[in-house]
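Asks: Structure provided below as structure tokens; questions to follow.
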Amino acid sequence: MPETPERNAIEVRGVSKVFGFGPDKVVALDDVHVAIRENEFFTLLGPSGCGKTTLLRLIAGFDFPTDGEILLHGQDIAPLPPHKRPVNTVFQSYALFPHLTVAKNISFGLEMLGRPKDEVDARVDEMLKLVRMEELRNRSTAQISGGQQQRVALARALAPQPKVLLLDEPLSALDYKLRKEMQIELKRLQHETGITFIFVTHDQEEALTMSARIAVMSAGNILQIGSPEAIYDRPAVRFVADFIGETNFLEGSIEERAAGGARVRISSGAVIDASVAEGFQPSGRVTVVVRPEHARLSAEGGQLAGRLSNIVYFGTDTHFHVELDGGGEFIVRRQNARDDRGTARIGDPVSIVIGAGAAQVLRD
Amino acid sequence: MASGRSNFSIRHQPGFTTVAVLCFALLYLPIVTLVVFAFNAGRSVAIWEGFSLRWFEAAWNNERVIEASIRSVQIASVAAVVATIAATMAALATTRTRPYRGLTFKYAFINQPLMIPEIVTAVALLIVFARIKVATGYSGLGYLIVAHTAFCIPFAYLPIRARLESMDLTLETAAADLYATPWKVFTRVTLPLLWPGIIAGLMLAFVISLDDVVITEFVKSGGQDTLPTYMLGQLRRLVTPEMNAISTVFLLISILIVTVFFFISRRST
Ligand SMILES: Nc1ncnc2c1ncn2[C@@H]1O[C@H](COP(=O)(O)OP(=O)(O)OP(=O)(O)O)[C@@H](O)[C@H]1O
Ligand SMILES: [Mg+2]
């Protein structure tokens, strides 16, 4: 098989991980394939327990795959113990050494690599500057705040200039404002260092704003890999559409097939033209998804009809909950404009216009 | 619950204060009396005849006291160090592993000396060592050191294991991630974090060995008195405030060890 010309930092090939035996067996990863490009900000996104940490631990070498192989720059890293892998980790709990100062934590990796002292000192200074912690270099790690600990953990992992940096939910312990700040900081660091970042989160908004590409995981499987736009606009399966952003689900059955699309009769009797994901041959009962911001309310002429049941104001936008005539609920989101507040009232009969190409038929 | 008063508090139960005071009195009054009479000018341990340091002087000039003290410290030092090393290895082996069938049994096995009556161990050792003595002809301090080491291990083991169990395992993973070989992980991360537990184990073992009477009494050969067995032997004959003076010094040393340990453990947390 010909090699792809593009350089992959990490390639995970058919990796499975099973914990335990017999009835207690847990399949944490099930035949996972993913290629992460060099200098990429790559995110593993998925709900709790889907196997994100397990995949990171396999890449770092803290645990071994039950099956499959992991390549680093094309080399199988299975024979390498963790301390021989040019991969560093930022742990969810930070795992800073409590008996060492901030500076000594940062220099730990370089010292273990046996780098000369002046090089270590210079690099520690550089790292302290990079994460803006110069004043706290001689503090004990027990005497700094959560956000500062987070930055020390980052500096410590970046100092040895790893080929790949693994970040396991590094921001989940921070409060909202600090998290937003650190998201920007992380993107800056990734850009400045040019190191491949594999970032784990269960926060879909964090994944969308930070990543070059996202892999959405569920129950040990990767369901879709793609850019934030691709994942959001063209979810491959129902789970992805449901997990990322808000989505309206309409149940229906295929009325007619066309190239790249289908005509679907939904349970209320209305007929909707929807696109179909590549390589999917829908038949019988299907689910159609529509993002709330891809539909609008109108007095008449839409594909769906119903009655306004609730209006929720969110500052930047407003959500209109519509009780559909044939049963079920549909949410329409509208960006708020200064001089247009709308005149809709709860209880009004409304019609919903679904934008061209906004409806998609998804596989479950 | 709105106020602390509505919580159950043992301190507000009738009789609590009486019991508490009684316990403290029983614990500390005899010791206070003992210390006071160490400074008695007369020969009695019950009738005060004025202040004097003569019994401290007498103890200091008593060759057999000094000899027994040195022997005690020798045995306790070697036994405590060897026991602590063994206990550290045992603690690492029983905590740095996934739980498996038989692990509880292993804990019990290591802690067994805490549960077996000391007199049984003493008799058993006496019989075994007697045979070895006949077979080898060796009758030095080795037997006492081996015996003390053996019964000190569980005491050293407890604080070390407690420390290891409260240690965050990801710290070791993090060190390995940062290119530390398994040996470096141990010397640069595990050991420094374990240190307070090791010091605690060492001191506990030292004090336990210093204090032992029963096993020492059975195992020792002629002329191998430790301070406690010497004191026991003396008390059988006649009681003078010299015993009080020795006990007072003994007490001071214990307090000193505990204080030092307290500061070491406080500094490292
Ligand atoms: N050492 C282990 N022994 C047994 N089961 C394990 C072990 N480690 C993980 N698992 C199981 O494997 C599955 C995946 O765990 P993992 O820690 O990778 O999830 P995660 O995606 O990181 O979740 P979270 O977002 O909660 O951190 C879970 O069902 C978990 O219970
Ligand atoms: Mg996890």
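Placement of Cβ uses the backbone N, Cα and C atoms for every residue, glycine included.
Note: TrEMBL annotation is automatic and uncurated.
Grabbed the feature section from TrEMBL, which reads as follows:
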type     : residues  : note
DOMAIN   : B:69-261  : domain 'ABC transmembrane type-1'
TRANSMEM : B:15-39   : transmembrane segment
TRANSMEM : B:73-93   : transmembrane segment
TRANSMEM : B:114-132 : transmembrane segment
TRANSMEM : B:138-158 : transmembrane segment
TRANSMEM : B:193-210 : transmembrane segment
TRANSMEM : B:245-264 : transmembrane segment
Asks: The transmembrane segment (B:193-210) vs the transmembrane segment (B:73-93): three or more C-beta pairs under 8 Å (separation of 6 or more)?
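Replies: Between the transmembrane segment (B:73-93) and the transmembrane segment (B:193-210), which are separate recorded stretches, there is contact, as judged by 3 or more close Cβ pairs.
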Asks: Do any residues of this chain, six or more beyond the ends of the transmembrane segment (B:114-132), have a C-beta under 8 angstroms from a C-beta of it, and if so which?
Replies: 138, 143, 147, 151, 154-155, 214-215, 217-219
Asks: Taking a Cβ cut-off under 8 Å, which residues six or more beyond the ends of the transmembrane segment (B:15-39) line up next to it in the same chain?
Replies: 45-46, 48, 51-53, 55-56, 241, 244-245, 247-248, 251
